[in-house]
Amino acid sequence: MEGEIEQTLGTWILFTVDIQPACLGLYCGKTLLFKNGSTEIYGECGVCPRGQRTNAQKYCQPCTESPELYDWLYLGFMAMLPLVLHWFFIEWYSGKKSSSALFQHITALFECSMAAIITLLVSDPVGVLYIRSCRVLMLSDWYTMLYNPSPDYVTTVHCTHEAVYPLYTIVFIYYAFCLVLMMLLRPLLVKKIACGLGKSDRFKSIYAALYFFPILTVLQAVGGGLLYYAFPYIILVLSLVTLAVYMSASEIENCYDLLVRKKRLIVLFSHWLLHAYGIISISRVDKLEQDLPLLALVPTPALFYLFTAKFTEPSRILSEGANGH
């Protein structure tokens, strides 16, 4: 009789464990409350703290992994966006006779570089040029706010957290430091060296930054996950288009036209670096022996343009466009 009672009690205990409510939601998890040796006590199902994400067993686990190469390339792409826009608007508003463009380019590079270093130093772990992260598994990891469960279709369990920690928020921190450093350094530099420009034109590149930084912030907030998967192709397409537009606008039709000015070579090499960046991002260099030869394709667009320019005659197209034909 006692044996039957013990067996029934054990079955009842197992049954009560099995009918415990499961942790609903794709990103809801149980947070560790207490740990003593092999004993672990977890809280109720809910949102994971910052710097943690749920595992397959629905427990919140700290992000302790190192970012993959692709993650660093994504962060590099997001870091390049304000720098490229800075350079574009500096060149656009400086004028051909202004000697301040070079100094402003260098200052913009310094601002973005310092912002990147400071961002890494203030990120966890603090004080080192290193970050710990959670691995990106799928697109929904970027949009956890869309996956809050409603068990009874009335009450919503809010489990929104940064599952891709820190790839989402670190970009905002970087943009904030870029903006602060620009406002501290650029106005003083422009006021002293931009003598070739009128008073109304001196600060237009800074005003432009005050517009594109909010745009970049919204772009990261809304489309961060999409950019994470699409940025290699964005780099390749935009670098090809801008290189073709620049070479046609500069009426470059042969190698001599390309070598006659140093600025044209700088633009060409810059685009080649972007081509290589995009190719490496797409291939992820998983197999080094197979992926490195793809970098030989970097000069191909420029060579193709030079070989076919005599058939299209971009100088004639530009002159006809200027004359309204």
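The backbone N, Cα and C atoms fix where each Cβ goes, and this holds for glycine too.
Long-range contacts of the transmembrane segment (72-90) within the same chain, counting only residues at least 6 positions beyond its ends with a Cβ under 8 Å from a Cβ of the stretch, are 101, 104-105, 108-109, 111-112, 116, 167, 170-171, 174-175, 178, 182, 204-205, 208-209, 212-213, 216, 220, 227-228, 231-232, 235, 277, 280-281. Annotation source TrEMBL lists transmembrane segment at 72-90 (among others).
The transmembrane segment feature in TrEMBL is assigned to 102-122 (among others). Remote same-chain residues near the transmembrane segment (102-122) are listed as 79, 82-83, 86-87, 90-91, 94, 128-131, 170, 173-174, 177-178, 181-182, 185-186, 189-190, 193-194, 205 (criterion: CB distance under 8 Å, separation of at least six residues from the stretch ends).
If you look at the transmembrane segment (165-185), the same-chain residues 6 or more away from its ends with a CB under 8 A from one of its CBs are 50-53, 63, 67, 71, 74-75, 78-79, 82, 86, 107-108, 110-112, 114-116, 118-119, 122-124, 131, 133-134, 136, 142, 206, 209, 213, 216-217, 220-221, 224, 228. Taken from TrEMBL, the feature transmembrane segment covers 165-185 (among others).
Feature annotation from TrEMBL assigns transmembrane segment to 206-227 (among others).
The transmembrane segment annotation in TrEMBL covers 233-252 (among others).
Feature annotation from TrEMBL assigns transmembrane segment to 264-280 (among others). Outside the transmembrane segment (264-280) by six or more residues, the chain places 73, 76-77, 232-233, 235-236, 238-240, 242-243, 246, 250, 252, 257-258, 291, 294-295, 297-299, 301-302 with a CB less than 8 A from a CB of the stretch.
According to TrEMBL, the feature transmembrane segment maps to 292-309 (among others). Outside the transmembrane segment (292-309), and at least 6 residues removed from its termini, the chain residues within Cβ reach (under 8 Å) are 240, 243-244, 247, 252-255, 258, 268, 271-272, 275-276, 279-280, 283, 285.
Listed by sequence, the residues of this chain that lie at least six past the ends of the transmembrane segment (206-227) yet keep a Cβ under 8 A from its Cβ atoms are 74, 77-78, 81-82, 85-86, 89, 93, 139-143, 164, 167-168, 171-172, 175, 178-179, 182-183, 186-187, 190, 234.
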